[in-house]
Structures are given as C-alpha cells and as structure tokens.
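**Student:** Take this structure, written in structure tokens, and hold onto it; I'll ask about it next.
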Amino acid sequence: MKFFALFIYRPVATILLSVAITLCGILGFRMLPVAPLPQVDFPVIMVSASLPGASPETMASSVATPLERSLGRIAGVSEMTSSSSLGSTRIILQFDFDRDINGAARDVQAAINAAQSLLPSGMPSRPTYRKANPSDAPIMILTLTSDTYSQGELYDFASTQLAPTISQIDGVGDVDVGGSSLPAVRVGLNPQALFNQGVSLDDVRTAISNANVRKPQGALEDGTHRWQIQTNDELKTAAEYQPLIIHYNNGGAVRLGDVATVTDSVQDVRNAGMTNAKPAILLMIRKLPEANIIQTVDSIRAKLPELQETIPAAIDLQIAQDRSPTIRASLEEVEQTLIISVALVILVVFLFLRSGRATIIPAVAVPVSLIGTFAAMYLCGFSLNNLSLMALTIATGFVVDDAIVVLENIARHLEAGMKPLQAALQGTREVGFTVLSMSLSLVAVFLPLLLMGGLPGRLLREFAVTLSVAIGISLLVSLTLTPMMCGWMLKASKPREQKRLRGFGRMLVALQQGYGKSLKWVLNHTRLVGVVLLGTIALNIWLYISIPKTFFPEQDTGVLMGGIQADQSISFQAMRGKLQDFMKIIRDDPAVDNVTGFTGGSRVNSGMMFITLKPRDERSETAQQIIDRLRVKLAKEPGANLFLMAVQDIRVGGRQSNASYQYTLLSDDLAALREWEPKIRKKLATLPELADVNSDQQDNGAEMNLVYDRDTMARLGIDVQAANSLLNNAFGQRQISTIYQPMNQYKVVMEVDPRYTQDISALEKMFVINNEGKAIPLSYFAKWQPANAPLSVNHQGLSAASTISFNLPTGKSLSDASAAIDRAMTQLGVPSTVRGSFAGTAQVFQETMNSQVILIIAAIATVYIVLGILYESYVHPLTILSTLPSAGVGALLALELFNAPFSLIALIGIMLLIGIVKKNAIMMVDFALEAQRHGNLTPQEAIFQACLLRFRPIMMTTLAALFGALPLVLSGGDGSELRQPLGITIVGGLVMSQLLTLYTTPVVYLFFDRLRLRFSRKPKQTVTE
C-alpha cells in the first residue's frame, strides 16, 4: 500500500516520470529504422565461376565438384546448392542465422583458394563470391537507354562506372548488370576463305594474340637523360585489326579482313534486355542479408544525381522498379490503423464511464505506454515494421485494460461516497494484484516465442518483445499515473451523464441484470455447461486439423517476378522474340505500370521479368488476381511459358526458381533422377492443389554429337586437342586477346561468322591443318548426329538434385499442396534411390507446422506456472485457463468464415488470445476469492457476486481489445493481407469467448472448488492462500 501511496501523494514526481518515459519513447521513435518485416534473412553467399564454352556436365564435374568439396567444410553452412550451365557455375551457400556474414565470406575465400589447384587451368579468372542472395527480388532496378549509344557502350557505362559506385553504398550486396555484355572486337571468320588461303583457325588466333601485346619495353639512358621506350604493340579497335597480316600464301599477304568480318561489338551477342519494349541495360540491385531495405534504397536514391553526372547526357538513367514505396505505404496504413485503434479504445472507455474527466485518464495512459515502447525497441535494435507496429496496435487494447481495471474500481468507490485520494489508494490496493496477474500471465504467453528458434522465432521475436514491453510499461503506468490522476482529477460523486449517454447506461444495467438472471440458471445446470465446455475442446481439435494452413499470408507488394522457360532447343533469336511477346502481353494489362526483362547468357532458353503494378488505390485487383488473369493470356504463347509470382518480403533459400515454393528431388544416381523427375513433375502438374508446376532439370537440350575416328586421325596426323581447339575457335566465342583501356579491360572474341553458327552444315566447312601443313576437312575424321544433352546440372550438397517449383491456385493453401505432393509420391512408388523433400519456404512451413501445437501447449503451460505461483494454487490456474477453448473455436471459425488459412500471423493471434481471454477469469476468480476470504460467503455466492461486480470491467476490457483489433480486420490498402488474419483471429476469439466464458468460468470455479474440498485434508479451509 505504501508503494501506491508514494505515487498518489506525489503527483509532480509521478507526472515527471511519465514525461520522462514519453520523451525517451519520442527520441527512440525518431531513431528507429523502417523495414517491411523484422530482419530474418539467412546469411547467403554466392560463388561464381566461368569456363567459356564448357558444357554443363564439364562445369559440374571439373569446377562445381572441387569447389563444393572445399566449401562444404565451412562451419555453419546449412545448405549448399549449385547449378552448372554452359560455361558457368554458381554455388549458393546458406548459413545459420547466427553466422556473421563477413566471417563467412573470409571462410569462403579461403575455401576457394584451397580448391584453386584442382580447377581447370583454362579458366579466364578465379572464382568470385558475392554476399547476396540471387533468389531475392532486387530492391531496385535501374535502366539505361539511349538513342545514340549502342547496347555494348551502355553496358560498359553501367558495369564500369555505375555498378562499382553503387556497390560501395552501405547495405548493397550485389549489383547485377544485364541486357548485354562488355564491348569487344569480334572476329567472324569465313571458313571457306580460310580454306582457300590454307589458314587454320589456330593460325588466326595465334596471329591476333601475337599482334596485340602489352609488355614492358624498358628504357634508354645517356649521361643526362632517360627515355622510356613505348611501342605501338597494342591494337584497340576493329579498324586496327582489319589489316593485320595473319599469313602469307604464295608470297602474298593474307590479311584478317580477307578471311573475316571484324566489328566493334560485344563479348556475348546472345544477351538482350528491355524496359517497356525499348532495348535497355538493367542494373539489378540486391541488398546485403542484414541490411535495411529502406535505408539502402534511400542511400541509392541520394546517389543517383551524382551517378547521372558521370555518364553522358544522351544516356537516360531511370528507376524501373523500387520496392520502397509499397513498404512505406504499408507502414503508413498500419500507423493509421494504430491511431484508429487508440481512438476506438478511448471511445469504449468513454461510453462505459460516461465521463469526459474519467476518460482523460486512460487517454493519457495509452499513449504514454505505447510511446515509451519505442525507446525499448531502439535499445533492442528493432525496426518500425509491419509486425512491430501491429504489436503496438494490438497492445492498445491491452494497455488500456490495466488502466480500466484500476479506474473502474476507483470510480466504484467514488460513487459509493469515498474521498478521491482515499478511493484511489483503496481501489488500487484491491486490484493491484489482479492487474499484476493479468500483465504477468499475458507476458508469460510470449516466453515460448522468445525461445523459439529458426526463422519463425526470429520473425516473431520483435512482435513478442514489443508487446511485452508495452504491457510492462502499461503495468507501471496503471499502478502509478492512473491512480494519481484518479485521486486528483475525479470527484466524490456520481458522474454527470450526457442525455445521449443515459440510454447506454440503462442498457448496461439491463444487460447486467439479464446476465445475473441467466447466470443463476446456469449455476443450477452445471452439467450442461460442462458438456458445452468439453464440446468446445473437441471442436478446437477438429477445426485445427481441418483448417487449411500456410506459412505466411500471401502479400501484395505491388511487384511481380516472372521466369521464362522455353523449349530447351530454342535459339537465342527465337528466345528474344518470346521475351518481346510476353512483355507486350503484360504491358497491355491495365494494372501494370512498368515491365523490364532480360534473356541470354549461359541459360539460352530462360529469361527473367520484373513487373511493377500500379498503386493499390489505382487498381481494384490484388496481385494474385492479376496473375490469374494474365496466366490465361500467357498460356497462348507457343513454345515457352512465363511463370509469374508475387514478390514477397520473406523468401527462404538461395534457389532461383520460377515459382514461390519448391520440392527438391535428390539422388546419388543421376540416371535414376533423370528417369523419375519427369514422371513426378507430370504427376504434380495434374494436381488441382498446384499451379505453374515447372522444374530446373533440363536434360533435353539439342546437342550435335561428334564422334572422332581416332585411327583415321592418327593416320592423317591430327590429334584430339587440335580438333577440339578447332571447334572452340569456331563456335565457342573464344576470348583470344585482351584490350587494355584506362577504365576497363576488353576482349577480342573469335568465332565463325554468325551465318555459320546458325547453320548445322557449317561443320562441313571446318578443317584442321595437320602436321604436314595440309588442310583436312572435319568430315574426313568425324561423324556427327543430333542428340540430347543437359542444359544445366544441379547439385544439393554433393548429390545430384532437381527442384520442382510450384505456385498455389486461388483458394488452395500450402498444407493442401504439401499433402497432395506426399500422396502423389506414395502413389507413384518412387524408389528409395530418389529422395524428395520440401525446400525453401515450404520446408520452413513443414518445420513450423510440426512445432505449432508444441508452441501453444508450451504457452499454456507457462501461463499455468505463472498463475500457479501468483495464486499459490494448482486449481485456480485451471479455472482461469478454461476460458481458452471457446476463444480457439471462435478464432478458427472466423478464419474459416473469411476463407483465410491458418498462418504464422494467425498463430500469433491464438497466442494473444491465450493472454487476452483469461483476463475475464482472473477478475472473476480474484473477487470470488476475496469475497470468500473476507465476506464469509459460500463459493457459489462468492463467484456469483464476483461475476456481477466485474461485469462492467469485463465488458470494457473485452470491447477495448475487440475494438483495438477491429481496424486490423477492416483495413485495406497496402499490407492488409498481413494485418487481417491477426485481426480476424482476435475478434473471432473474443466474441466467442465473451459469449461463453461469462458462464463457463463460474461453473468451472465451482467444480474445482468441490473437487479441492473432496481431496483436501483440511475440508474447512475454503480458500487457498
């Protein structure tokens, strides 16, 4: 009692304490970063290696495998996947959450160095690594377009000047430049002209290499001067290479221009990028795993004017895509929802108390509690994100509860004629333990969440801590500031009611009287109530088993990502046409604002598209509805598929796939994997629970298989190395020399003229110069025929792997899809040599599903322990926890009604309900125990009186929590798909629990009291103290 008096009789100190809490909160708010969600990105590092012209199988065996063996020894690697395609290998390392990415990067570099001696000697450069997840959607895409400069020149500006500068910005993990390649001098050889002149392709390569040399020449000195020797040993442009003498034939000089077309072009002509039907170079910027997306985007935007000045005026630098506007809009929506919740909660208090003076007290307590929380959030390193702001929105109903309980009890004493300061002291003393019990038991709900590991635990930690801190500050405020304000502001008389509110007051009295009559009937028919309670428990179990489940609500971030997958034998020219066709279909959709895309590189039959939708207030459809509409139009394009998915703020794993969810097949037997993957993929494609089923296994690419006659080769004086060198020189875009410029290095690329690379009969024109100097046609010692070959080889760990990706059709959940996949695998009878498992987000969903029930049980057990300690009783906590089944039924039925799957957000709602609905029982049990202890009442009389006395605060606290959550249900706009499941769960649970627990709690209280007396050694002791 002295504790309460200390604050009630020292108003200045109490006010200054509250002001200090508020000022600290304001300061913390100003320094908090902004993010869409808590930081939950796994540390991911991508290792890249190249060997131009090498087949996917060669890259997998000679490059990927040695690197994987070395990288696999690094501590903390949770997953390692690789993909090898034509001339390129990419290895993705995903680390444990607690692994520092900078330390991991050092280990990766050491592992690359250790594997260097095992890698092919012909690699043009050492493997490199980047601290970014390639499967993440870019946080920003910049485009370069120009009517004056070529694509190669634009690419040079982008990769040489812009990308390095952007990479140095804090938070940027990777800048991927696409749409073309670096400028180069391209030598397109004419096989027939070479044959006529008796010049081999190796002769041309050697001549070019020897003619472009950058070596130190030394210096000359005499007694007084020193001269540096400089020669014209370098050739820079196509015009300088054109007259190069490469051979003499019958005394005549054969120049390069006689046997080849020499042009200033690009290193790889099989690349294309576009933005809104215009050729463009794309800079796709990804953030570091630990970086804040908003701060990173703001830093890039601040740098753009400076970047624009570094490139010519004829080049247009534009932002094609920016993830931050929808994130900011979503957070603004949550902030508005928070303000509405506060207003509704205060309105509830005003309606019940019917006094403006009394309403001011919780109207002050709520903002002090919420604002003070920002200081703790800053100290904990949190951010202002959708989850932390939703925690504050929900906290609105909680923090006002404590103030309501104290205020209502003090007001009751004032109405009885007690003096204000005495009423404040007495009222606070009576409910101080109740408020403490409610707050501690509510915080106890979140202890299992704080101990939960993995991504779900990291995701929910900010929510749990933010809400717990708000409740803790609310507890302090309700026991200090609230009674002080009551003692000094309220008067010892009944509050004056406005005429408009008298009707509401009479309605409350009528409700209370009606409740009293119905409660008397219930207490005389306890068995019926017991059956209802058991029925809610059974219904809970059935609803939880049957309700569709998913990991995280499907977000509408305003950004779509699309993966193009064409026939495996498609040419680059045809693939570029498919990209243009798909872009036109999407660009014509009224909901689309911007489209960028690219194709080419090592994966000739694939491409990527990034689509920015119009703001939510300018379109009526959600992202998923737009995808459903576009899917019908895109399906009409022959020979290729475009798979669209909405970009999410959470994406798990480093696999680049064409859909949101993945199912990976593993095998140590590559032949078995290639046999069963098509069967499984075709089966999954028929399932109605899945959409956009596709696979990264591509083993039906067109190949021209050459078979050497080694005996003939030996007789003709030709070795295999010479024959392979011929093919590489002719068709491998071989980089044969380097051009050194002040800002960059460029290549001289040699191959046969494009008209020959696009014609199979060009092999007939190929020849090799044997050891006698004679030109021997390729057809003399080799035969060729079309065959199938893999376009990519994929590994997970050191096993061969194939990942099947899929999206969810409208109305289907991830639990439906996972169950259907498990049934399909069983029906197919897949052998044990082929193992299937969910990957990425689907894998985390499986793990979360397995732990959900355990988490709920742990939360209930924690609350029971806390209540047992507070009440020094094994029985009364069970009475209080009997309120939970009805809340669970209401929450699950509400989700079913709104056709919302049970997600991680809904799980938060269930956890919150465990803390919310027991408050009613705590208020009843506390007053019943007090009445038995000091009023000499029977248990039935005590609980009946407690129910009637606490009816008004129970209704106030429940409606305050309900109205605090209601704006989440009704909210629209950006981010509403995250807020609504939480609001639906809480509102549904509160409505059902309020209808039932007002009756079930008294019955359970009497049941346990009789049970306690039956087993008690001291039957006369009626109250457990």
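Going from the start of the chain as shown, residues are counted 1 onward.
Cβ atoms are placed via backbone N, Cα and C, with glycine included.
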**Student:** Between 774-794, 984-1004, I'd like to know which one Swiss-Prot lists as transmembrane segment.
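**Tutor:** Result: 984-1004 is the stretch Swiss-Prot calls transmembrane segment.
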**Student:** Same-chain Cβ contacts of the transmembrane segment (897-917) under 8 Å, 6 or more residues past its ends?
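**Tutor:** Distant Cβ neighbours of the transmembrane segment (897-917) are 394, 397-398, 441-446, 449, 456, 459-460, 463, 467, 544, 547-553, 811, 813-815, 848, 852, 855-856, 859-860, 863, 883-884, 886-888, 891, 961, 978, 980-986, 988-990, 993, 997.
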**Student:** At a Cβ cut-off of 8 Å, and with pairs 6 or more apart in sequence only, do we get at least 3 pairs between the transmembrane segment (387-407) and the transmembrane segment (953-973), yes or no?
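**Tutor:** Result for the transmembrane segment (387-407) with the transmembrane segment (953-973) is yes.
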**Student:** Is the transmembrane segment (953-973) packed against any residues at least 6 beyond its ends, judged by a Cβ distance under 8 Å, and which are they?
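**Tutor:** Apart from its flanks, the transmembrane segment (953-973) reaches 329-330, 333, 337, 340-341, 344-345, 347-349, 352, 390, 393-394, 396-398, 400-401, 404-405, 408-409, 508, 511, 616-617, 916, 919-920, 923-924, 979-980, 982-984, 986-987, 990-991, 994, 998.
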**Student:** To the transmembrane segment (360-380), which of 333-353, 463-483, 875-895, 984-1004 is linked by the most Cβ pairs under 8 Å?
**Tutor:** 463-483
**Student:** Please give the sequence-distant neighbours of the transmembrane segment (463-483): residues at least 6 beyond its ends with Cβ less than 8 Å from one of its Cβ atoms.
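**Tutor:** Apart from its flanks, the transmembrane segment (463-483) reaches 3-4, 7-8, 14-15, 17-18, 21, 38, 361-362, 364-365, 368-370, 372-373, 376-377, 380, 382, 387-388, 390-392, 394-395, 398-399, 401-403, 405-407, 410, 424-425, 427-428, 432, 435-436, 439, 442-443, 446, 449-450, 908, 912.
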**Student:** For the transmembrane segment (875-895), give me same-chain residues lying six or more residues beyond its boundaries with a C-beta closer than 8 angstroms to one of its C-beta atoms, as numbers and ranges.
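**Tutor:** Same-chain contacts beyond the flanks: 441, 533, 536-537, 539-540, 543-544, 547, 860, 863-864, 867-868, 901-902, 906, 909-910, 913-914, 916-918, 920-922, 925, 929, 981, 984-993, 995-997, 1000-1001, 1004-1005, 1008-1009, 1011-1012, 1024.
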**Student:** Quick test of the contact rule: Cβ under 8 Å, at least six residues beyond the ends. What residues does that give for the transmembrane segment (3-23)?
**Tutor:** 364, 367-368, 371-372, 375, 421, 424-425, 428-429, 432, 473, 477, 479-481, 483-484, 487-488
**Student:** Top stretch among 333-353, 431-451, 528-548 for CB pairs under 8 A with the transmembrane segment (853-873)?
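**Tutor:** Out of the listed stretches, 431-451 contacts the transmembrane segment (853-873) most.
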**Student:** Near the transmembrane segment (431-451), which same-chain residues lie under 8 Å Cβ to Cβ, leaving out any that are not at least 6 residues past its ends?
**Tutor:** 4, 398, 401-402, 405-406, 409, 457, 460-461, 463-465, 467-468, 471-472, 474-475, 478-479, 855, 858-859, 862-863, 865-867, 870-871, 880, 911-912, 914-916, 918-919, 922-923, 926
